[in-house]
Amino acid sequence: MYESIAFYVFAISTTILFLITVMSKNVLYAMTALAAGMVMISGFFFLLGADFLGVVQLVVYVGAVMALYAFGMMFFDATKDIKEKHQNPALVFLLGGLMALVFVVMFSAPIIGDNIKAFYPVIEGVGNAQAVGMVLFTKYLVPFEVAGLLLLVAMIAGIILAGKKMDYSLTESEAADEEMKIEPNSIEIQKGDA
Amino acid sequence: MSLEQFKDRNVGTQNYVKLDLEHTPTEGWCKFKQVVKRTFQPELFQGLGVTLREMINALFRNKMHTTKYPFEKLPISPRYRAVHDMLRLMESGNYRCIGCGLCEKICISDCIAMETKYDENQRKEVSEYTINFGRCIFCGYCAEVCPELAIVHGGRFENASEQRAGFSLFEDMLTPMDQLNQQQEYAGFGAISPNADENIKSTPLAY
Amino acid sequence: MDATMLPEVTAAGVIVKAVIILAVIAAIAGFGTYIERKILAFMQRRLGPTHVGPFGLLQLAADGIKLFTKEDIIPQHANKFIFAIAPVITAATAFIALAAVPVFPDFTIWEWVPFLGGVFVPSIAADINVGILFVLGMMASGLYGPLLAGMAQANKWGIIGSARTAIQFLSYEVVTGLSILAPIMIVGSLSFVDFNNYQTDGLWMVVYQPVAFILFIIAGFAETNRTPFDLLEHEAEIISGYVTEYSGMRWGLFFIGEYANMITIGIIASVVFLGGYNDFWFIPAWIMIILKIAFSFFFMLWVRASWPHVRPDQLMWLCWKVLMPLAVINILITGLVIMI
């Protein structure tokens, strides 16, 4: 009973939050709703007993949306609404609605047909993290490694794009030494005679 | 104190410690060495040690710096120019002011106002005397010009008031009759402070 | 501590624990402001608050009255809703994180206590078996408070503060995760209780993992915005950063959240690295954990009195170029040692 109440609470709040994300014209509302929606989704994982995935959802999306905020901060004025240009709002609405409908049908068809079964059922006595690890390093090893490689490529590309003059320091360079006129013996003190 | 001490003008330089400033490393290996050296130097812990030592000093060795100001006050120099005092003659207890008006004339911010008249003995009497402390800049000219050492600067420096301009009447500044024996002669604002000898240092400049 | 001997955890026990956490930690978090002012004062040879109550102990009450009765100002062009909920996010996530950390050892309430006599109170209110990740994730989402606050208040200092929040988050989060990964590998669990039990008989984790401990402490300072890394509200540079426009109790909520986070970091450091809530020689467990938490709290104040701030770019340099490689090397070596 409690679980179904919790499920409906999470489901309704997730839907509303993502609706705000899509509908809102204010970048601050949109991103906050996105972050909150991601947190709400982690609630589903907790309900299903997948603590590890729930926490990973929390940690990963909190960080990801934080990076999104950084971009939002650079591109938009957070206190003003954004004027959007819609060429044909009716068409967008129709296509988007149809896509959503298709997805719902696709995912609910096996459930309705009662033709769904878990490939990797939960093993008793094995922790959540271990179960995820086992699946990740046996069946999904290749996609996992490919994803890792992809991220590495993206990271190197990012460093190359952003990394010009990254080793130039304002305070620690020869030019800065010149500026401060540090010479080896300049500070030595002449004592006595004046 | 002999003259020799004043002739040695390099007094300030003797405690200087030479800083160990190095050139910024340019090669990778030198940079690495610098990072390692900085990492394993206990400098950060020296900083922690200093603060802990000060805390122990303050708590257990009675070296707290705080003066609880409204309850205890630091002594001020006799040359300090705070709110004026009007002094009395020690012999008769009469006020010293002879109503000559020099202070009123010399006051550059025009804050002293006085009215005088002859009393029954044909002696000048001060009938009204006010200092507008909203205007007074505490320059000390009035005390300097006074021929009778009647108006002097006292030590009352807390002159915050609820109104913008505080006025002080003659009676407020006059030494109360019952405290006449505690009246102290103002040394004048060219006077040296009692501990002047201790404060003398020779100029730490080498010409 | 034998797991089979433990009595069953009842709802009453969890509620008692939750009340203890909320009441005690919230009070201590408020009281932390007094302790901080006092200790910083002593380290600068001042007296600190002395006038309200004996030794200034009631300063907390005076501050509370001041905060509650202050006008709640919302700036004109601010995004009112976000501006209002941002402090709540900080405070709420700080206390949600506390739900999953063990504050005191397990104990049973004495029989003579009315209503609650004999109730078993567990060490953790919500003993989820991924406790460490949950706490770190919750504390990370606590940074949404400063971020949203800075962006919502239509103030340039606030914007800079929230930009620095993002920078700080992207810097330290990697180090936190990687540094705590090596102890997790040794213990083989993400649960705080397992960490505690691992150190019951053996040495403290800090002996096995000194590098991870130092890295975690550094990242913890960044996580709680304490002094070497308090870039978000660096008064000398950006006025107050994200709290520039806040007043009254909303401002106070940020600080309750910050002090609660400090306590949480102290608890994590104690449980993961410093032996947890186990007996030590003759000292009973609950005194030990209080001592450890108190020391880590004091250490944060001590550092604040001693060390200067760093710049945001220096923090990023430190985290990505020094601490992260160190953490990865530490993990590699730990993994090799475990394999052999």
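Heads up, the Cβ atoms here are built off N, Cα and C, so glycines get one too.
Nobody curates TrEMBL annotations by hand; they come from automatic prediction.
For B:CYS146 ([4Fe-4S] cluster 1 binding site), applying a Cβ distance below 8 Å and a minimum sequence separation of six or more within one chain yields B:LEU102, B:CYS103, B:VAL152. DSSP classifies B:CYS146 ([4Fe-4S] cluster 1 binding site) as coil under the three-state reduction. For B:CYS97, B:CYS100, B:CYS103, B:CYS146, the entry in TrEMBL reads [4Fe-4S] cluster 1 binding site.
Sequence annotations record features per position, and here TrEMBL assigns [4Fe-4S] cluster 2 binding site to B:CYS107, B:CYS136, B:CYS139, B:CYS142. Around the Cβ of B:CYS136 ([4Fe-4S] cluster 2 binding site), 21 further Cβ atoms fall within 10 Å across all displayed protein chains.
Long-range contacts of the domain '4Fe-4S ferredoxin-type' (B:87-117) within the same chain: residues 124-137, 139, 141-142, 145-152, 170, 174-175, 177, 180, 183, 185-186, each at least 6 residues beyond the stretch ends and with a Cβ under 8 Å from a Cβ of the stretch. The domain '4Fe-4S ferredoxin-type' annotation in TrEMBL covers B:87-117 (among others).
Within the same chain, residues 76, 80-87, 95-98, 100, 102-103, 106-117, 164-170, 173, 185-186, 188-189 sit at least 6 positions outside the domain '4Fe-4S ferredoxin-type' (B:127-156) and bring their C-beta atoms closer than 8 Å to a C-beta of that stretch. The domain '4Fe-4S ferredoxin-type' annotation in TrEMBL covers B:127-156 (among others).
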Given the binding-site residues B:CYS100, B:CYS142, and counting only Cβ atoms in the protein chains shown, which has the most within 10 Å of its Cβ? B:CYS142
What number of additional C-beta atoms lies within 10 angstroms of the C-beta atom of B:CYS139 ([4Fe-4S] cluster 2 binding site)? 14
Do you know the mean pLDDT across the domain '4Fe-4S ferredoxin-type' (B:87-117)? 87
Which are the residues of the chain, B:CYS97, B:CYS100, B:CYS103, B:CYS146 excluded, whose CB is within 8 A of where the CB atoms of the [4Fe-4S] cluster 1 site average out, their centroid? B:ILE98, B:GLY99, B:GLY101, B:LEU102, B:CYS142, B:VAL145, B:PRO147, B:GLU148, B:ALA150, B:ILE151
Is any of the binding-site residues B:CYS100, B:CYS103, B:CYS139, B:CYS142, B:CYS146 near chain A, in the sense of a CB under 8 A from one of its CBs, and if so which? none
[4Fe-4S] cluster 2 site shell beyond B:CYS107, B:CYS136, B:CYS139, B:CYS142, criterion: Cβ within 8 Å of Cβ centroid: B:CYS103, B:ILE106, B:ILE108, B:SER109, B:CYS111, B:ILE112, B:ILE131, B:ILE137, B:PHE138, B:GLY140, B:TYR141
Please report the Cα separation of B:CYS142 ([4Fe-4S] cluster 2 binding site) and B:CYS100 ([4Fe-4S] cluster 1 binding site) in Å, rounded to an integer. 12
Near B:CYS107 ([4Fe-4S] cluster 2 binding site), which residues of its own chain have a C-beta under 8 A away, given they sit six or more steps off in sequence? B:TYR141, B:CYS142
